[in-house]
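*Asks:* When I checked Swiss-Prot for this same protein, it listed these features:
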{"type": "CROSSLNK", "residues": "K256", "note": "SUMO1 cross-link"}
{"type": "CROSSLNK", "residues": "K288", "note": "SUMO2 cross-link"}
{"type": "DOMAIN", "residues": "2-87", "note": "domain 'GST N-terminal'"}
{"type": "DOMAIN", "residues": "88-216", "note": "domain 'GST C-terminal'"}
{"type": "DOMAIN", "residues": "279-440", "note": "domain 'EF-1-gamma C-terminal'"}
{"type": "MOD_RES", "residues": "A2", "note": "N-acetylalanine"}
{"type": "MOD_RES", "residues": "K147", "note": "N6-acetyllysine"}
{"type": "MOD_RES", "residues": "K212", "note": "N6-acetyllysine"}
{"type": "MOD_RES", "residues": "K404", "note": "N6-acetyllysine"}
{"type": "MOD_RES", "residues": "K437", "note": "N6-acetyllysine"}
{"type": "MOD_RES", "residues": "K437", "note": "N6-malonyllysine"}
{"type": "REGION", "residues": "221-267", "note": "region 'Disordered'"}
Amino acid sequence: MAAGTLYTYPENWRAFKALIAAQYSGAQVRVLSAPPHFHFGQTNRTPEFLRKFPAGKVPAFEGDDGFCVFESNAIAYYVSNEELRGSTPEAAAQVVQWVSFADSDIVPPASTWVFPTLGIMHHNKQATENAKEEVRRILGLLDAHLKTRTFLVGERVTLADITVVCTLLWLYKQVLEPSFRQAFPNTNRWFLTCINQPQFRAVLGEVKLCEKMAQFDAKKFAESQPKKDTPRKEKGSREEKLKPQAERKEGKEEKKAAAPAPEEELDECEQALAAEPKAKDPFAHLPKSTFVLDEFKRKYSNEDTLSVALPYFWDHFDKDGWSLWYSEYRFPEELTQTFMSCNLITGMFQRLDKLRKNAFASVILFGTNNSSSISGVWDFRGQELAFPLSPDWQVDYESYTWRKLDPGSEETQTLVREYFCWEGAFQHVGKAFNQGKIFK
């Protein structure tokens, strides 16, 4: 029987999979999710942690015998028993099928729809509507499968049920209001059956289903961003002007003493995003630019793209300090399933994480399964491609063709508008918009 420690951050739905599986199998799993034992964004970046888990990702599991494994599905499998994994080769294959389905088909649209309502991702109306329809399709697929079944595989709970329930959890809690979910009675029955099992309740507690579909809250999104010092300082400076000089001085001293407070207000995920390691700035050799990228990103995240963010972009764009580029994936014939194509974009963005302060991009997947393409518009600091400035940034860029754009041309104006808004004819592509991702 497995026994060990699970490193994660609080309320991580991916960690729930292993914890529920352990409730069924009897595996002894200790959870470290809060300081001083585990500080997400700090502990998982230490040399000691990275020696055990090179990716630095959580959840991560360390067995009492020294065995280490990361990735939530692998951990859940490890702490499970034969019954959860599938007691026959056929059942085991079906369990893997549903676990894979959850990651490939449910996670992308669920994230696109739910994350903006939680204030952790930019909202795009068209993308959200597409995600809603995809979720509707998925719930319908599950509903048909569960019409004559109590559980996804066999007659008892397996890892298939645990994984799919955890993947659907935030949908049911945040956006699947009664009028939306009522069309899927079999899926609802199965979901409620699972979450009310003692083993699920021991981990999830009482799950309250959504009563009213949550909407994107621009204020919540702005507050959730790690870069929020500037607005606070501006607000503070306006308030300071209204105070007498002596009182302002006293207030400044109090603020200095309370310097750590803003970081304490961030949740664990935000602290990880904010905790960038100190390194030499590859763009330090460039002259100062009048274009403030962070301000544009705030406009893009919190205001209407077409009427506010785009006019701001062109009004403030510094053509000497920044450059625009069009990229296109070189090997469209290798693109098969759209979720896999989307993962190419996500993976590239993750590997370019330290470039975010000096770049912005909208990359779009066009088309359908086995007939798709990837292209995007990028805004880089400087006049050359940024990738050669750091070996960390050179993994993916050679898989794309790059063409520098003329900021003053009509073609560039159209490309920027269509790619930043995720709306338009996209005549140069010849395929319909599927989904997009923003690098910011």
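Don't overthink the numbers, they just go from 1 along the chain as shown.
Positions of Cβ are set from backbone N, Cα and C atoms, glycine also.
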*Asks:* Helix, strand, coil: count each for the residues of the domain 'GST N-terminal' (2-87), based on DSSP.
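*Replies:* For that range the per-state counts are 33 helix, 17 strand, 36 coil.
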*Asks:* Please name which of the recorded positions listed here, K288, K404, K437, is nearest in space to K212 (N6-acetyllysine), Cα against Cα.
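*Replies:* Result for K212 (N6-acetyllysine): the nearest of the recorded positions is K437.
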*Asks:* For the domain 'EF-1-gamma C-terminal' (279-440), report the average pLDDT of the model, please.
*Replies:* 90
*Asks:* Let me know the most crowded of the modified residues, choosing from K147, K212, K404, K437 and counting other Cβ atoms within 10 Å.
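*Replies:* That would be K437, with the highest Cβ count within 10 Å.
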*Asks:* To the nearest whole angstrom, what is the C-alpha distance linking K404 (N6-acetyllysine) and K288 (SUMO2 cross-link)?
*Replies:* 21
*Asks:* Measuring CB to CB from A2 (N-acetylalanine), give everything in the same chain under 8 Å that is also at least six residues away in sequence.
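*Replies:* In sequence order, A22, S25, A27, Q28, V29, G63, Y78, V79 meet the Cβ cut-off.
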*Asks:* Around K288 (SUMO2 cross-link), how many other C-beta atoms are within 10 angstroms of its C-beta?
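*Replies:* Its Cβ shell of radius 10 Å holds 6 other Cβ atoms.
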*Asks:* Just to be sure I understand, if DSSP states are collapsed into helix, strand and coil, how many residues of the domain 'GST C-terminal' (88-216) fall in each?
*Replies:* 92 helix, 0 strand, 37 coil
*Asks:* How far is it from the residue listed as 'SUMO2 cross-link' to K147 (N6-acetyllysine), counting Cα to Cα, in Å?
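*Replies:* That separation, Cα to Cα, works out to 63 Å.
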*Asks:* Determine, from DSSP, whether K288 (SUMO2 cross-link) sits in helix, strand or coil.
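*Replies:* Looking at the DSSP assignment, K288 (SUMO2 cross-link) belongs to neither helix nor strand, so coil.
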